[in-house]
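Enquirer: So Swiss-Prot lists the following for this protein:
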- 1-140: domain 'uDENN' (DOMAIN)
- 165-299: domain 'cDENN' (DOMAIN)
- 301-357: domain 'dDENN' (DOMAIN)
Amino acid sequence: MAAAEVADTQLMLGVGLIEKDTNGEVLWVWCYPSTTATLRNLLLRKCCLTDENKLLHPFVFGQYRRTWFYITTIEVPDSSILKKVTHFSIVLTAKDFNPEKYAAFTRILCRMYLKHGSPVKMMESYIAVLTKGICQSEENGSFLSKDFDARKAYLAGSIKDIVSQFGMETVILHTALMLKKRIVVYHPKIEAVQEFTRTLPALVWHRQDWTILHSYVHLNADELEALQMCTGYVAGFVDLEVSNRPDLYDVFVNLAESEITIAPLAKEAMAMGKLHKEMGQLIVQSAEDPEKSESHVIQDIALKTREIFTNLAPFSEVSADGEKRVLNLEALKQKRFPPATENFLYHLAAAEQMLKI
């Protein structure tokens, strides 16, 4: 087996099953291998079967302390052999961000459970994918891990949609991401939150870092503590109460109202100037061009972003220990950039850990 395939198959961490019975009780029925009580409680909370509003969310995903979770939920048809179950959720935990891959695999596992009514077949398929990267079954469809490239998952969102909603204000999101600030996104529908938040890391494509994404967070003490341990993040919420938690964000996006708010404490670092205006115009121009694909828009933004780092390069020098490049603040000040540009470059150097300690 190719080394890349071996690496790919080692990404899954576990599989679990949650059921809602005819009495309306929701139970954690089975998992492989075992899981912690904390993670089990988190997954029960994320699974829509425990939700009081009784809305069915076919697929949700998110991250908790570097573990990604993917949950597919279905209603059990009357014809199924699962007579005492009205709904069930299949949960997969993994080390990687790839919603399309795990949505496809959980759908196959759902079909297996509907047909056999026992987790045994699911476990066999899970182990097959874990060890070989493939599971094949005539009636339930086959799944091949390597069909789902991580890069494809990174490109699956739509920057064009974000720009059509926020226009020039998209540059606020770009600036916040460049400076590794904390972005909180609210919308009452989890699907809208997930679609929007998963796209944001693509605005800073040079980092290709989706570990900053926490697309489904509850206002739960343990989850918030885990979130606040991260330096910068993109966090999605469906509870408007999060707007009253300024300790959680530098930038607040109310998707439902199409509003972006910069928190008072972040205003100094996020002050906008000529550089930001140019960046905003480029983002809007590129995204509104019907000839350009999503990946082309990302490329345009990445090239302009590289220019910003090129601006920073002349003011950096090798640190005393020779380990990394650090900012020469005097050289930056002597250049006499407009205040907003100098301020941004300084904060960018801080975000890139280029300040002298």
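Using the three backbone atoms N, Cα and C, a Cβ is placed for every residue, glycine included.
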Enquirer: By DSSP assignment, list the helix, strand and coil residue numbers for the domain 'cDENN' (165-299), in that order.
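Expert: Looking at the domain 'cDENN' (165-299) with DSSP, the answer is 72 helix, 20 strand, 43 coil.
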Enquirer: Looking at the domain 'uDENN' (1-140) alone, can you tell me the average pLDDT?
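Expert: Averaging the confidence scores along the domain 'uDENN' (1-140) gives 90.
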Enquirer: What are the helix, strand and coil residue counts for the domain 'uDENN' (1-140) according to DSSP?
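Expert: Grouping H, G, I as helix and E, B as strand yields 52 helix, 44 strand, 44 coil.
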